């Protein structure tokens, strides 16, 4: 009886735990779409209502992929110092999402696309900077290896997608000079180019296992873009959509629609998968002489019932997108995928058996602990208390602190273990309960909240309303001015009321006066060449010319050649003459053997030319003489032949 009772108790506890842990409809696990914004991952349901957000600790998220077999999301952060690719596990009862580093950072990686193979548990990603495609196991047992190297040929791998059933990898080469869509076996063999014509810059790519087709984004020249499709071998190529003014990056495909992210509008858009234009379809022209119109076929008209639909407006730049497709449930009987799905399930079941409780005693203690302390709380028998994990409170850890805490925002537990709200754009307050536009704009004005939290919201006023809150009715104000002007012609009327007064005067000219502005043409077309402008212009030109003249003069003085050195040589020939009584040492010098040379240098510089040099003795002897002819003889330059 004791064993039977214990077994029944264990069974009841297990049933209770199963009921507590089984996800119900509308719980955070039941998400259908996930997108990567710049600083977080946002989860949405089938109606594109935000369920939760995660990965707030990252700064630059980009690519994302999803493993439906184990409910794991893999994403890339371009600014993380240690890791490059991470995994995120969402749990129904966990306060925070479990994030683990999967691929370490080795340099300045720039991940363009990310894909996952659940059979081999390998991640595949494209590196735009290194121009290579890598792969590595998620358990870190091996270093990343190169699957495709496009650096030598100048390729630029962007989007990547794995065909799990046929064991192939597809990627887009966004090199504008030679864009392609290619594929290769997952073992690195049999590389094939499947699309290389009529394509500009392919970006994101996805394999639709439900329809056995490829879908990719083509960023066309100018402002246009297209979403195209083909069979897995590149045949039967179709243009699903062609539009403009979008900057699409990545896409996801469901059973009946295509979804893509747009950086320009920060939105997610959708369009039916049914193609409307065939690339290879051409119409035969009608010849001028032909009378049979049966040979001419009009091109297929564009389906007007398939417009673009903006399904989500997001607060940040949106980049990657994944969708829950029910791949493993819907492809169990597919002849290409049945064996792969079976192998993946066997692997997942084998992993789950490792976490089963091995002993009955451990199982009993775990059941008692789960029965007393909920949400993984730690039970303390000595004090009969539950130590709750972060994010839960209550005597049994039964209250989730973030439950209904934020009115218009996402709740996350802060580092100090308190709930914190990340408000949606346009809301503020501790719990995001206050709208920044509440009662702000009057008279039908439209409030626009800035994306920058530091900027205040602004009002877009309708016609004939103004002011910071659209509180000023320009028609009523100008009507008062126009009526008063009828009685007080000298009153000032604002310039903006001129057109309103003219409209009112057409219906009621007896009580309305139109202001007459004497210098209206001056206000509308101001004269540029005024007297002050001309004076300033003339002074500037004259000053510029004077400055140029001073510079030229200084340069000429700086580079002016030096005055030449003047040398003059006097040659005195030897003459025989007798010594007279009046000879002195100055007049009767020793004679050279042949002749005597006298050199006078820089005569002009020494003012010799202006003041001639005289022989002192001869001057004394001839002081009494006044003849000019005699004075010339005593000059040095005239004494070459007369002194001896």
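Any Cβ shown, glycine's included, is placed from N, Cα and C.
As given in Swiss-Prot:
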TOPO_DOM  27-531  topological domain 'Extracellular'
REPEAT    167-211  repeat 'LDL-receptor class B 2'
DOMAIN    398-430  domain 'EGF-like 1'
DISULFID  402-411  disulfide bond
DISULFID  406-421  disulfide bond
DOMAIN    433-471  domain 'EGF-like 2'
DISULFID  437-447  disulfide bond
DISULFID  441-459  disulfide bond
DISULFID  461-470  disulfide bond
TRANSMEM  532-552  transmembrane segment
TOPO_DOM  553-644  topological domain 'Cytoplasmic'
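Locations of recorded Swiss-Prot features on the structure.
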| residue | record | Cβ neighbours (10 Å) |
| --- | --- | --- |
| 402 | disulfide bond | 17 |
| 406 | disulfide bond | 21 |
| 411 | disulfide bond | 20 |
| 421 | disulfide bond | 21 |
| 437 | disulfide bond | 16 |
| 441 | disulfide bond | 22 |
| 447 | disulfide bond | 18 |
| 459 | disulfide bond | 21 |
| 461 | disulfide bond | 21 |
| 470 | disulfide bond | 20 |
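Remote same-chain residues near the domain 'EGF-like 1' (398-430) are listed as 40, 50, 52-53, 56, 95-96, 315, 374-375, 390-392, 436-437, 449, 451, 457 (criterion: CB distance under 8 Å, separation of at least six residues from the stretch ends). Rounded to the nearest whole angstrom, the C-alpha distance between residue 411 (disulfide bond) and residue 421 (disulfide bond) is 5. Cα of residue 441 (disulfide bond) to Cα of residue 470 (disulfide bond): a span of 6 Å. Note: the CA-CA distance between residue 402 (disulfide bond) and residue 421 (disulfide bond) rounds to 9 Å.
In space, 447 is the closest of the disulfide-bonded residues 406, 421, 437, 447, 470 to residue 459 (disulfide bond), judged by Cα positions.
Taking the Cα of residue 470 (disulfide bond) as the reference point, the closest of the disulfide-bonded residues 406, 421, 437, 447 is 447. Taking only the Cα positions, the spacing between residue 447 (disulfide bond) and residue 461 (disulfide bond) is 9 angstrom. Secondary structure of the repeat 'LDL-receptor class B 2' (167-211) per DSSP (helix as H, G, I; strand as E, B; remaining residues coil): 0 helix, 23 strand, 22 coil. Here the domain 'EGF-like 2' (433-471) is broken down by DSSP into helix, strand and coil counts: 0 helix, 10 strand, 29 coil. With respect to their backbone Cα atoms, residue 421 (disulfide bond) and residue 437 (disulfide bond) stand 19 Å from each other. When the Cα atoms are compared, residue 461 (disulfide bond) and residue 406 (disulfide bond) turn out to be 31 Å apart.
In the three-state DSSP assignment, the secondary structure recorded for residue 406 (disulfide bond) is coil. The separation of residue 437 (disulfide bond) from residue 406 (disulfide bond), Cα to Cα, is 18 Å. Per DSSP, the secondary structure of the domain 'EGF-like 1' (398-430) breaks down as 0 helix, 14 strand, 19 coil.
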